Amino acid sequence: MDQKLSQLIEELTTSGESQLNAQKMKELKKICKSSEEQLSHAYRLLMTQLTQDHAEIRLSAFQIVDELFTRSHQFRVLLVSDFQEFLELTLGTDNDHPLPPPREAAQRLRQAAMQAVEGWNEKFGEAYKKLALGYHFLKHTKKVDFRDINVRTLAERKREEEKQKHLDKIHRESADRAKREMEEMSDEIGCCLTEVENCFRLLVPLDLGPYREDKFFGEASGIAEDHAPCAWSPDLATPRGSGLSGPQDEEQPCCSKDLVASAHHAGSAVGLKAPAPAATEDPCRDEDRHSEHSDPEDFLRSHGLGSHKYTLDVELPSDGLKVQENEDNLAVLHAARDSLKLIQNKFLPAVCSWVQRFTRAGIYSGHLKQAIDLKMELELALKKYEELNIEPGRGQRSRTEALEDSEEEDQDFVEVPEKEGYEPRIPDHLRAEYGLEPKAPLKTLEKHTAVCSVQERTRRRREEEASDPTSAAAQMLRLQDCLSSPSSSSTRGPLGPEEAQKQAERARAPMVPFGVDLCYWGQEQLTAGKILKSDSQHRFWKPHEVEEEVDSAHVSEMLHSRHITFSGKFEPVQHKCRALRPNGRLCERQDRLKCPFHGKIIPRDDKGQPLNPEDRAREQRQQLQQQRAHPDWQDPEFMKDVEAATGVDLGSSKYSKKGKGKKKKHPNLTDLRERANTARARLEKKVFAKGAVQRVVAAMNQMDQKKHEKFANQFNYALK
């Protein structure tokens with residue numbers, strides 16, 4: 001009975017489900033009703049499960065406790081006697097021992113425990129004094145708010161307040177840094193915006209009044225939308241309040257002031273609404289401007305108009321404003337693009353970051369407004385550039401790129417003085433003096449040049465390499481001459497079978513050039529690779545024991561080893577193993593000669609059977625040997641069925657063909673060892689990996705060794 005009770009409690013608490021199994025819970029209640037000893041035993045088992053470091057186990061155990069608490073007086077007496085420990089395990093009232101993970105299950109456990117304790121106090125508080133005292137302790141000492149949805153204790157609220165203060169401090173420091181950055185970069189941003197606006201004025205020289213820098217793009221877009229023809233009449237061109245009419249005999253030259261004023265009248269004629277002059281404008285200047293163009297004939301003459309008898313219709317394109325890139329505005333466009341690139345890549349992200357920092361901190365409202373204004377100005381500059389619709393010239397870009405490429409090519413060349421006595425072309429009658437062959441006729445050269453050019457270059461390169469005594473080709477030629485001369489000069493009789501076999505093996509053996517490793521072959525004590533130290537005769541800095549010879553391990557290793565570069569051609573493996581696996585699939589490994597699981601790779605059909613009869617017979621023999629080694633009664637599946645029927649362990653796990661993977665004890669519970677896939681966890685996995693730590697330790701040791709070697713003779717550093 002005790003074994004059955006412990007098994008039921010273990011299964012119920014380790015199920016990992018939010019609700020208990022009703023059938024098993026019914027069996028547990030039945031066992032607890034049988035005797036008080038079983039009830040006490042169940043209480044001890046439940047308290048043991050409540051001490052587990054897993055919130056899901058504690059939650060299931062608490063649900064069982066709640067069921068038994070409402071039904072048994074004996075269980076209530078046992079629980080109230082250990083009520084403080086129960087509160088620490090279910091509510092986490094002890095600050096030093098909070099509830100274990102997972103966090104969601106711990107939160108549900110705390111909420112369920114608070115509701116249960118409050119209900120127990122209302123129902124059984126008068127009969128059980130310790131229960132009422134525990135409720136009073138939670139409410140008044142631990143400051144637990146039973147109406148709080150999150151059911152937080154005083155310690156938890158303090159922790160959250162400290163966490164919030166820490167976040168506020170971080171946001172405040174970030175806002176302070178943003179304030180300093182803003183004070184440093186505001187002037188630079190203003191200069192960049194001014195440069196962009198000046199470039200825009202040079203590209204689109206519209207004059208629409210005193211506020212043209214703020215409205216010329218908006219006015220131009222408004223004109224493009226209302227592309228109706230506007231009639232121009234001399235009445236519109238006549239200044240208001242002039243009161244003068246009739247021709248004027250004197251011809252006055254057109255000056256810059258006339259052009260500016262005329263531009264104002266032309267803008268009003270085509271429908272551009274220029275804003276009214278400011279109230280603070282000087283009235284004397286206004287009177288002078290009206291008096292200068294009081295005569296309509298002078299106005300017509302300055303604009304190239306003949307008479308008042310015709311009208312002008314001005315049609316604006318509907319596709320908006322366009323700027324054509326040419327040689328005149330190329331420098332301005334380059335300057336504007338550089339400034340806009342600086343705005344887009346540096347200033348605008350920085351300003352957006354300032355706005356976010358000031359918003360999170362909730363302070364520096366003036367700086368926040370200034371940052372928002374800067375952001376709007378930067379975005380407006382980018383929008384203006386998009387509205388320009390700059391069309392690159394046809395040949396402008398190609399000419400610019402060609403000019404830059406030519407400048408780079410000129411910079412790559414280095415001026416070298418001409419060699420004295422150098423003749424770029426040798427005459428035909430002097431070729432014999434230089435040891436050159438006479439030139440072939442032109443027809444012969446034209447005939448054979450295309451065929452023999454590659455072969456001739458290859459042959460000349462080989463001859464040049466062979467002529468150099470320090471090259472590998474010259475060494476190979478010398479070795480070939482040495483090997484061929486004794487074989488050609490010596491005349492031997494017929495060779496015996498052993499000598500013939502040795503000669504055949506020598507012929508098949510690869511030729512290895514002579515090296516340092518062959519020079520010291522078989523020598524145990526090498527004379528080379530030793531460092532000889534000269535004996536010093538000074539009596540002060542001479543050590544007591546002097547090693548006259550020091551062996552260098554690196555040099556000794558070089559004398560015994562040789563690095564040979566593979567000069568062959570890599571051929572990828574095309575075939576597969578295709579052996580039949582236990583799951584019915586074919587092995588897809590692409591080893592060259594031997595599969596590590598199925599042995600030598602042989603040709604097989606689509607079912608994994610060998611195509612060669614010899615291989616098929618060999619595999620059948622191997623299968624028979626395996627069957628003899630493992631009888632049929634040792635089949636893992638058969639043994640598992642017998643174990644399930646009899647309840648006796650026959651050792652089926654020992655004969656199982658599966659790997660020795662560690663089986664989880666409670667697979668339904670959340671694995672606490674599996675960490676959340678967060679950025680911090682991934683960084684910790686990489687930074688604190690065993691290999692990374694070893695590399696860091698090796699680098700630090702190397703730094704210390706270098707420092708020691710550099711300052712070992714100085715007592716000031718040697719003592720540190």
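Just so you know, glycine gets a Cβ as well, placed from its N, Cα and C.
Residues annotated as coiled coil in Swiss-Prot, with sequence analysis given as evidence: 169-198.
Residues annotated as compositional bias 'Basic and acidic residues' in Swiss-Prot: 282-301 (among others).
Summarising the annotation, Swiss-Prot assigns compositional bias 'Acidic residues' to 403-415.
Per Swiss-Prot, the feature compositional bias 'Basic and acidic residues' maps to 602-621 (among others). Outside the compositional bias 'Basic and acidic residues' (602-621) by six or more residues, the chain places 578-580, 586 with a CB less than 8 A from a CB of the stretch.
For the region 'VHS-like' (2-145), the model gives a mean pLDDT of 82. For 2-145, the entry in Swiss-Prot reads region 'VHS-like'.
According to Swiss-Prot, the region 'Disordered' annotation covers 234-253 (among others).
What Swiss-Prot records for 269-304 (among others) is region 'Disordered'.
Swiss-Prot lists 392-415 (among others) with the feature region 'Disordered'.
The region 'Disordered' annotation in Swiss-Prot covers 451-507 (among others).
Marked as region 'Disordered' by Swiss-Prot: 598-637 (among others).
Among the features that Swiss-Prot reports, region 'Disordered' is placed at 649-669 (among others).
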Q | Tertiary contacts of the coiled coil (169-198), as residues 6+ beyond its ends and Cβ separation under 8 Å | A | 213, 335-336, 339-340, 342-343, 347, 350-351, 353-354, 357-358, 360-364, 367, 370-371, 374, 377-378, 381, 385
Q) Under the DSSP assignment, what numbers of helix, strand and coil residues are found in the region 'Disordered' (598-637)? A) 22 helix, 4 strand, 14 coil
